Amino acid sequence: MDTPSGVKDSIPAWIKFSVQAPGEIPYNGIYYDPPEEEKYVFKHPQPKRPKSLRIYESHVGMSSPEPKINTYANFRDEVLPRIKKLGYNAVQIMAIQEHSYYASFGYHVTNFFAPSSRFGTPEDLKSLIDKAHELGLLVLMDIVHSHSSNNTLDGLNGFDGTDTHYFHGGPRGHHWMWDSRLFNYGSWEVLRFLLSNARWWLEEYKFDGFRFDGVTSMMYTHHGLQVTFTGNYGEYFGFATDVDAVVYLMLVNDLIRGLYPEAVSIGEDVSGMPTFCIPVQDGGVGFDYRLHMAVPDKWIELLKQSDEYWEMGDIVHTLTNRRWLEKCVTYCESHDQALVGDKTIAFWLMDKDMYDFMALDRPSTPRIDRGIALHKMIRLVTMGLGGEGYLNFMGNEFGHPEWIDFPRGPQSLPNGSVIPGNNNSFDKCRRRFDLGDADYLRYRGMQEFDQAMQHLEGKYEFMTSDHSYVSRKHEEDKVIIFERGDLVFVFNFHWSNSYFDYRVGCFKPGKYKIVLDSDDGLFGGFSRLDHDAEYFTADWPHDNRPCSFSVYAPSRTAVVYAPAGAEDE
């Protein structure tokens, strides 16, 4: 193209496939139009949207136990059946849109309409999605419309030789922390480009919905950086709000809903923007769910101190602090917490003991026992109280050790200093699913517990139940008791005290049985509870509940009770 700043070679903005030639750095656009007999034909209908979402967040490239870039085909054959078995009903796939820098985790997009060629062809991706639909899994795409890679050779930056073709000019068009370009949502052509992009993935690839990345960054000119949101409406409806971006979000949600009423739309917003999940026709932004980002931040804050100082009321408040009737997808950790420089919950809890004491034929340590017990309790209390959907990043269900570090070489900074690389190693850029499957390792117990928890939610659908009541937050006993639907959840976070004859208030009279017990030997616990025991309620009001029953609550254990009969259905 002959541009004001000289002649330049560009990949078309709407390219459907681009590849990186061996030994080259920039990508090249490919005219992708396979013959009819090679085009993938979808065979399975898209599943209906489930009542409650249980999302398995995944990244195709790092989904192999081997140190390599995995493929769509291998993910389809090896990983999807695992997700189904674990009890999840949706898979959220990161890094689909083409990105020339692998270590950006897919967030520095260069070609918005092209599925990443690192993992295979567009036909391979369609085959993966069709297989997921056959298994009854929804496929959500982690879509990046919040910013774009600043690459000029293979991205949109400087596309016509100017600074302002798709983006704002000057500082407003640059994200200082992400080192990327920011769209001008007031431009009609930008709106057409992004709206077409959303429709393209739903129509061509049969995705079942999106998780919109970086929505807070879009909605405010300060991008939510170095700002604390207190809930004052001036913070949401002031001069810092990018009205064009909010209108774009309303438009894209209206488009998704209008064309595909069953599609799911999740927004990653940390600010708590009012009306975020209210339909567009009622004046809202139009998302179905908000990602409940305060929850993982709270767990990291708590894990930095001893659990003796945890406040039960603080945990409950964080998990339940959401807008009335706003549906949230909750999580204790996602890919963000697993990246190099941060720590997963399992690593916060067990640290270097994970290297030496996870084999069942070796004695455990107090740190390992504490870590495995709390790992299970944190997940269950988050799922039980935190929202109408639940998300887990692949591998974290069994406490995947260590962190994620993409292969990278040394990097020279403008000031002359050098950040050392890792010799382009894939060692920390894979998922060791073999650890969770190994019956001689303690990881297996955590995986079995997560599977039982997902299947329990699938059976009782407690996350979307209308009935939710927290009856006890006892700071001295370190006990939390709440009801979701017909189930009664009892958490004893105390490190040493087990309680005999502990009274549990409940709404529904009758006979109760244990349906999930984190202390079960199968889950790496100490089997301190009798699962054949029956618990009969008495007309004895307790904790503002009309009846109650008495239980044994072992230390660092979570138990779920269900009315007898319900557990047999």
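Each residue, glycine too, has its Cβ placed from N, Cα and C.
Taken straight from TrEMBL:
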type	residues	note
ACT_SITE	ASP213	active site, nucleophile
ACT_SITE	GLU268	active site, proton donor
DOMAIN	70-430	domain 'Glycosyl hydrolase family 13 catalytic'
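Sequence-distant contacts of GLU268 (active site, proton donor), defined by Cβ-Cβ distance under 8 angstroms and a gap of at least six in the same chain, are ARG211, PHE212, ASP213, GLY214, VAL215, THR216, LEU291, MET293. There are 20 other Cβ atoms within 10 Å of the Cβ belonging to ASP213 (active site, nucleophile). The average pLDDT computed for the domain 'Glycosyl hydrolase family 13 catalytic' (70-430) is 94.
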